Amino acid sequence: MKQPTEQRFDYVKIGLASPDRIRQWGERTLPNGILVGEVTKPETINYRTLKPEMDGLFCERIFGPSKDWECWCGKYKRVRHRGIVCERCGVEVTESRVRRHRMGFIKLAAPVTHVWYLKGIPSYLSILLDMPLRDVEQIVYFNAYVVLDPGNSGNLQYKQLLTEDQWLEIEEQIYAEDSELYGIEVGIGAEAIERLLQELNLDEEAEKLREEIIESKGQKRAKLIKRLRVIDNFIATGSQPDWMVLTVIPVIPPDLRPMVQLDGGRFATSDLNDLYRRVINRNNRLSRLQEILAPEIIVRNEKRMLQEAVDALIDNGRRGRTVVGANNRPLKSLSDIIEGKQGRFRQNLLGKRVDYSGRSVIVVGPKLKIFQCGLPREMAIELFQPFVIHRLIKLGLVNNIKAAKKMIQRGDPQVWNVLEEVITGHPVLLNRAPTLHRLGIQAFEPILVEGRAIQLHPLVCPAFNADFDGDQMAVHVPLSLESQSEARLLMLACHNILSPATGRPIVAPSQDMVLGCYYLTSENPKAQKGAESYYSDLEDALMAYEQGLVDLHAYVWVRCDLEVVTEQPDDKPIKTETSEDGTVTKYYRHRKVRETADGKLICQFIHTTVGRIIYNKTVQDTLVA
């Protein structure tokens, strides 16, 4: 039985690929024994037949058929010929989706350096060779020679750079009749870099560096440590330094660099095809020049152009002039496809679109509890549709899924009742990008609301770093019982009061909440409607406010026979009055107390504002609940 994809490997590792590994990616042996995989022609499709050219960038023999179960020449059609390789065109009869993963390769006529390892920061080539980056660049781009073997010359040193004139002068001395010089070898271009890297013994270099590090200090020591770290990494991964010089280039599958026909008969193509075409053209031209034994200067110029073409393919604009297409637009290289927000990793691998998710603008929901969020009905019915359908069938309201979907589309009133049942106790996850810490995604109990905006409790905003000026948030529905229970126990907003970074409360009132509390409890000394009125209890005062008999900031007297706790340490009465019946009335700063002669409380009135009554009652009700 075939294993699931995730069980066929343990982990993904990014590293240097050897030339043999690159060949393995693209090379296949057909049943008739023919090896295919090498792309040798720059052509893409035939302009008359609109079929891919053989051995070109869209070759069906290398990458697989363009149409399902059909070979290039049309001899074999239909699925019954599965796995057969056409004896005429050599195309395997299989599904066209293999063109999404089958690769090819280009065998280079001359080695080229990988621009990432040359021009990256740090430059691994210059670190390993222990040469300045400028010198390595001059060698790679055919501006200077490097001594590979000084021979018996006393004036030359290993890895010494020579200009064109200096090398010509030494050549004259070597070939002179009375010359005693011999064994001198110099190189230029990526071939010379490859030779230097091949001669590097990593174990010996690492041992030598460790000894030097002990004796050195300061800047020199830091440089040696950096070099040792790179060498140790090469040894640990089993990679060879000369793999940074390419002799084979992989050609990515054609469906990842497509060519599509537009309405007017013209074709739109990926920039990669143009960059690959440049490499193949220059590579083929270099091969022909080498076959006809062209002058060294012409061959060298072609090698430099091949190096620049490969640089543009891997990372356009990293070095030299940027290759541009129509309208002077820089062509997108392999690096451009990988890197950045719209790149393959962040756009397609890390940030995939997922089912059972939605996105909308957030607005404040002041009437929500801290663990609740307002979910628009339109969004909720879409997200919870499978649960609603299951419930409708279970209740016997419909007989099958198709009927349930029609019922939902009609907006039947029963659907909304079922939806209410389904979402009860089913938490949803809210996420606000960028998710910089674990509180960037939290669980909430959904409450159905009208409109199209997600309602969020203002107290959870600091955790999400959200505000209500147009921010958007994503909603995800946990499907399995395990994920639902985990969301409820670990991710519910009311369980995330403290910041995991500092341990301090992250849920704190701010902005309009603080302003609202201030406005509610502030006093206004000007004449207010209903000021100095007497009310039998708190409810009586609130009822008067709702009827418009008293203003929010008006001072009123409210009867409250409970014990009053005050911040003032010695709360003594300002005035005391004794009535004819023997009762005593004590006047404090913010209250009046009437007691019997022996000190028993008869009644007590508090001097406060309606706003403070509302504030106090809200806090009390919350604490009791």
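A Cβ is built for glycine as well, from the same backbone N, Cα and C atoms used for every other residue.
The shown structure was predicted, so the numbers you read here are calculated from the model rather than taken from an experiment.
Copied from Swiss-Prot, the annotated features are:
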BINDING   Cys71, Cys73, Cys86, Cys89  Zn(2+) binding site
BINDING   Asp467, Asp469, Asp471  Mg(2+) binding site
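According to DSSP, Asp467 (Mg(2+) binding site) is assigned to coil rather than to any helix or strand. Among the binding-site residues listed (Asp467, Asp469, Asp471), Asp471 has its Cα nearest to the Cα of Cys89 (Zn(2+) binding site).
Looking only at other Cβ atoms within 10 Å, the busiest spot among the binding-site residues Asp467, Asp469, Asp471 turns out to be Asp471.
Fewest other C-beta atoms within 10 Å: among the binding-site residues Cys71, Cys73, Cys86, Cys89, that description fits Cys73.
Close to the recorded Zn(2+) site, the chain also has Glu60, Trp72, Gly74, Lys75, Tyr76, Glu87, Arg88, Gly90, Val91: residues not among Cys71, Cys73, Cys86, Cys89 whose Cβ is within 8 Å of the site's Cβ mean position. For Asp467 (Mg(2+) binding site), none of the binding-site residues have C-alpha atoms inside a 10 Å radius of its own C-alpha, out of Cys71, Cys73, Cys86. Using Cα positions, the member of the binding-site residues Cys71, Cys73, Cys86 nearest to Asp471 (Mg(2+) binding site) is identified as Cys71. For the pair Cys86 (Zn(2+) binding site) and Asp469 (Mg(2+) binding site), the C-alpha distance works out to 63 angstrom. The two recorded residues Asp469 (Mg(2+) binding site) and Cys71 (Zn(2+) binding site) have their Cα atoms spaced 57 Å from each other. The residues near the Mg(2+) site, meaning same-chain residues not in Asp467, Asp469, Asp471 whose C-beta sits within 8 angstroms of the mean position of the site's C-beta atoms, are Ile362, Ala466, Phe468, Gly470, in sequence order.
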